[in-house]
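Peer 1: As annotated in TrEMBL:
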type	residues	note
BINDING	Asp110, Gly115, Asp117, Ser119, Glu131	Ca(2+) 1 binding site
BINDING	Asp317	Ca(2+) 2 binding site
COMPBIAS	299-308	compositional bias 'Polar residues'
DISULFID	Cys78-Cys157	disulfide bond
DISULFID	Cys111-Cys116	disulfide bond
DISULFID	Cys163-Cys398	disulfide bond
DISULFID	Cys242-Cys274	disulfide bond
SITE	Arg105	site 'Transition state stabilizer'
Amino acid sequence: MRFLGDYKIALLTCSVIALSIYFAINGVEFRFANDSPGNRNRGKVSEKSLFDDEFMYMSIAEDIDRSHLHYDYYRESCPTAEKIIAKASRDIYNVTPSVAPSLIRLLFHDCFIEGCDASVLLDADEAHTSEKDASPNLSLKGFDVIDAIKSELENVCPGVVSCADLLVLAAREAVLVAGGPFYPLETGRKDSAAAFREIAEQQLPAPDTTLSEILERFSVRGFNERETVSLFGAHSIGITHCTFFKNRLYNFSATGKPDPELNPGFLQELKTKCPFSVSASSPSASPGTGLLPSLPASDSENSYGMSSGNRNDEVIDLSYNNEGGDENFGTRYFRRLMQKKGLLFSDQQLMGSEVTEMWVRAYASDALLFRREFAMSMMKLSSNHVLTGPLGQVRTSCSKALPRN
């Protein structure tokens, strides 16, 4: 009997060891039930967890597939790559400040559709459609900026730096010059050989998207409510056109009246800039306009707030003349939501649920909290569903895929 007992103990020990090896190999991690992202910080915002840089950056890195991604990935193959991208981005910004929101929005429209693979940069050809032709992407800018920087990189390190890495690094520089926070990025992404126009058409959120739809689309991509709200903070720069919110001023939900959630004083201000027209009596934007949420809507005007050429389609400065200065990047957006001054319907929707409203109020009152949360979310967005190793390619021209072998 004792032998049988020893046998059982030995068998149990071997089982534990085998399970430990299996978990280590497969990266299985145990969490308590109340430690899921959706349950963290539901009530009081914890200062210790939210303000410890090392904890936060390590925490977000745990959720990212790090295989083949490394810090300073190009240190041997193209050691000046990140410096070239940073300098070129800043030089262009100094001449054309509107490049900052353009690049941030370009990043979002790329990473939100099948991951950060530079597929949004591809032109259509005889064999493939282009994401550029999807209706949410028709107003995208910055392709020429990416092409110019890529040309510089190709002169120094031909065929080395991917367009996917170029885009995420240029967007980070855009955040910095616009007054936002720095965040570390690993590199080593590869480029897609295909584009995904139909998915872009269907999945990019529109200005009139409801909160439940927004949260669902972000959730399937791994973003919780807190992270989603923080990304909306990028709506504090760039411009948008009256077209995308005019129905809120004159015919909200086909009532013939303004949106009751709009601040009355703000409503009158917007009516002055966006006068009534026949088109205002119909919904402002088709489901494909896709001006959300990272990211600054249109930014084709160098002089914000000036006429776009169509008297009935003025442009509105989302920064409100850089209200509060660069240090209020993001926070001014959340403060305006609390005052019922959200410009797009999808913006003001963030005040429509207890959880998202909690984060709006937190970011409005604490700039440091927002900057760190936004940095974390941008790290996560920039590493969403990346292609690495042999799964992708390194294009020599960002608008054209390499021939498949």
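Just so it is clear, glycine is given a Cβ too, placed from its N, Cα and C backbone atoms.
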Peer 1: Nearest to Cys116 (disulfide bond) in three-dimensional space, by Cα, is which of the recorded positions Cys78, Asp110, Cys157, Asp317?
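Peer 2: Closest recorded candidate to Cys116 (disulfide bond) by Cα: Asp110.
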Peer 1: Given the disulfide-bonded residues Cys78, Cys116, Cys157, Cys242, Cys274, which one is most crowded in terms of C-beta atoms within 10 angstroms?
Peer 2: Cys116
Peer 1: Which chain-mates of Asp117 (Ca(2+) 1 binding site) that are at least 6 residues away have a CB under 8 A from its CB, listed by sequence?
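Peer 2: Listed in sequence order: Asp110, Ala164, Arg189, Lys190, Asp191, Ser192, His385, Val386, Leu387, Gly392.
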Peer 1: Restricting the comparison to the disulfide-bonded residues Cys78, Cys111, Cys157, Cys163, Cys242, which residue's C-alpha is spatially nearest the C-alpha of Glu131 (Ca(2+) 1 binding site)?
Peer 2: Cys111
Peer 1: Using Cα coordinates, what distance in whole Å links Asp317 (Ca(2+) 2 binding site) and Ser119 (Ca(2+) 1 binding site)?
Peer 2: 29
Peer 1: Using only C-alpha positions, which one of Cys78, Arg105, Gly115, Cys163, Cys398 is spatially nearest Cys242 (disulfide bond)? These are the recorded positions in the record.
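Peer 2: Smallest Cα separation from Cys242 (disulfide bond) among Cys78, Arg105, Gly115, Cys163, Cys398: Arg105.
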Peer 1: Tell me which residues of the chain lie with their Cβ under 8 angstroms from that of Ser119 (Ca(2+) 1 binding site), as long as they are six or more apart in sequence?
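Peer 2: Listed in sequence order: Asp110, Ile113, Glu131, Asp191, Ser192, Ala194, Ala195, Phe196.
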Peer 1: Within the same chain, and leaving aside Asp110, Gly115, Asp117, Ser119, Glu131, name every residue whose CB is within 8 angstroms of the centroid of the CB atoms belonging to the recorded Ca(2+) 1 site, in sequence order.
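Peer 2: Filtered neighbour residues, in order: Cys111, Ile113, Glu114, Cys116, Ala118, Val120, Leu121, Ala164, Ser192, Ala195, Phe196.
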Peer 1: Which residues, sitting 6 or more apart from Gly115 (Ca(2+) 1 binding site) on the same chain, put a CB under 8 Å from its CB?
Peer 2: Asn384, His385, Val386, Leu387
Peer 1: Return the count of C-beta atoms lying within 10 angstroms of the C-beta of Cys163 (disulfide bond), excluding that atom itself.
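Peer 2: Its Cβ has 30 other Cβ atoms within 10 Å.
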Peer 1: Nearest by CA distance to Cys78 (disulfide bond): which of the recorded positions is it, out of Arg105, Cys111, Cys163, Cys274, Cys398?
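Peer 2: So, of the listed recorded positions, the one sitting closest to Cys78 (disulfide bond) is Cys163.
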